[in-house]
Every structure is written in C-alpha cells, then in structure tokens.
Amino acid sequence: MSVAELKERHAAATAAVNALREKLKQKRLLLLDTDGEGRSVRIVAGYAKAQSRTAVSFGPTDLVCCRTLQGHTGKVYSLDWTPEKNRIVSASQDGRLIVWNALTSQKTHAIKLPCAWVMTCAFSPTGQSVACGGLDSICSIFNLNSQADKDGNLPVSRMLSGHKGYVSSCQYLPDEDTRLITSSGDQTCMLWDVTTGQRISVFGGEFPSGHTADVLSISINGSNTNMFVSGSCDATARLWDTRIASRAVRTFHGHEGDVNTVKFFPDGQRFGTGSNDGTCRLFDMRTGHQLQVYSQQHGDNEVAIVTSIAFSISGRLLFAGYSNGDCYVWDTLVGKVVLDLGSLQNSHEGRISCLGLSADGSALCTGSWDRNLKIWAFGGHRRVI
C-alpha cells in the first residue's frame, strides 16, 4: 500500500471519527433537555414562570458578616462544619488545620500537618476527629482528643495510603466515624475503613465507566449514604453506589470545563455542580436530566470559575463561590441571583475557595485566598430558607 493510499485512509478514518463525535454530542444535548439550537431548556425556571413564582428578596440585614476568623498565614483552601453547628475546621496553604469555635471566633486546635500542601479537610460525624489530604496522596486522620507531643503538635492517628495522585476531597459517611470516601488526581475515589486504615473499595480507575481525568470533588447523599457523586476535570459528574464499585451508576454531561465542586440537594434526589465554565447546574439523579443552569456575567464580562457550592436547608437557595471573589446567592427555583456577598461590607478581598452551611442552616462560612474565613448570619425568617 502506497503512502498516498495510507494518507487517504487516514483522512477518511479521521472524518468518520469526527462525524461520530458530532453525533454523540447531539445525542447528549437531547439527553440534557435542549432545543434544536443546543440551548439548555431551563426546566425548573420554566415551571416557576408558569406558576408565576418570583425570586426571593433580600433586605440589608437578612445576611450579614458577623465574624471574621483570622489566624491562617496562607490561602484558605477548604473548610467544614461539625454537625452540632458551632465548630469549623479549615485547611490552609500555611500547612495547618485550625479548629474554630464559630460562636466565639476562638481557635481550639492548630494542627501542624506532615505535608503543608493540603487541599481538603472534613470533620467526622461526632466531631471527635478531622481528616485532611493533599499533594502527599495520603488522607491523614487526627483525633482531637489525643495528647499533644512535647512540641504541642497533635499526632496523626491514622494515615490512609493508597491513592497514586493528590487527595482532592474527603468526606465521612453521615453517622459513621469509621467510613470515609476520598477523591484523587489518580482519577479514582476510594472508600476507607478508618479504624483499620484499609481500603474497602475503589471507584473508577481501570473500569471503563470511571472518570478519565482528575477527580476534584465528592458529595455523599444524606438520604441514602450508599450513593455519592463525584466531579472531575473530564467535565462530567458521576453517580456511584458504594455497593457496586465496578461501575458508575450514571454519568452526567453538560459542563464545558472542569467540574470543581458537587453537592447533593437536600432531598437527595438531585445534586448541584460548579465548573470552570463559570456555571452551576442542577441535575436529576434518577433521570440524568439537567434541570437548570445558573449563569450570569460578572464584572467586565469575565468568566469567573465556580470553586464551591452549598444549598440552603430547603434547597431554595444555592450559594456559589467564584474565583474573582464574588459569592452569589442563587434562587434555585427562578434561576436568578438574589444577592452577591462580594458586594457587601466586610466581604473577602480574594478568590472564594470554599464555603459551607452550618447544620441548622443559620449561618454560612466562606474561606478565601485572602487568608480569612467569614461567617455570615441569617436574620429573622431567613433562618429557615
């Protein structure tokens, strides 16, 4: 076979592959409930409009910054609340975990980490332990009741080693201090037995239904703790069942950039995502359909990356942190921004890297590259939204 014939066959094969890719793209658009032009149909917003529903209104005292937690000397990367609502753990580029009393702003623990490059942290359900992970590819567990060493440092009580890439996220199963799930740059998630330090299951990796790039975030379903969702640099979110580690239950398409953050909706039937493409999206876990896109231009028409999201107790509000320092409060029903915390007094002066809502929904905590955390309190009837 001549070189010319080989080139001709190669060109034909390339054209066939491109045609198949386009067909696959169109099929995905149909699954995402889009119109013929590829525009997403905003199902939830359409229903709200048909029902003459209006956006939630915020007054000047409905959400205010009541505390600034200062103590980190590096960028804040991650935070988590305890279930009893009054404590927060934060992880920073300064190589420390700090446990805060959210009511008094006092530090109860300052934990020096074996690896300074920490990316994630989480409280155990009882609040007795904290977990963290980062570029050392290990998830380290600290018992807050342990005796400090002679230098005042808290010893590591357990090291969960098995990932072949950085640990990007970790979360305990609700009501189980002995089970924890991690996600990693090695394209997998893992379920661990914290008591023994042994890996129970691997999700992804060599399995064809797994992620094809770094996994950045996970969220466990509070209504069914066997289910969790993961977000990845492959621009997808995937639903997993801890009882079936060999394959993903469903893959969710729609984003055009890394999926940096995922969070289950309070009812456990839907979940939200945030991406490098500047949008948040709401997906139905059962059907795989995209229900809503939350997108709005920022100042100077820039595309700000969504770094972290959280839902209010009822799910009516979606809090989204952005790389430009904005922190939007979205009305999930009508799909509109009802408040930007970045425009309020005492707001952060840098990228919003993480955020989380207290267990009772009465306060929001945000963390930033400005090295601070801020607690935003809801006033009056906003406590129950």
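Using N, Cα and C of the backbone, Cβ positions are placed for all residues, glycine too.
Keep in mind that what you see is a predicted model, and the values were worked out from it rather than measured.
Now, the feature entries from TrEMBL:
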REPEAT    69-110  repeat 'WD'
REPEAT    160-202  repeat 'WD'
REPEAT    208-250  repeat 'WD'
REPEAT    252-293  repeat 'WD'
REPEAT    345-376  repeat 'WD'
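It is 345-376 that, among the stretches 160-202, 208-250, 345-376, forms the most Cβ pairs under 8 Å with the repeat 'WD' (69-110).
Beyond the ends of the repeat 'WD' (345-376), by six or more residues, the same chain brings 63-70, 72-85, 88, 90, 92, 100, 102, 307-313, 319, 321-327, 383-385 to within a C-beta distance below 8 angstroms of the stretch. Regional average pLDDT for the repeat 'WD' (345-376) in the model is 94.
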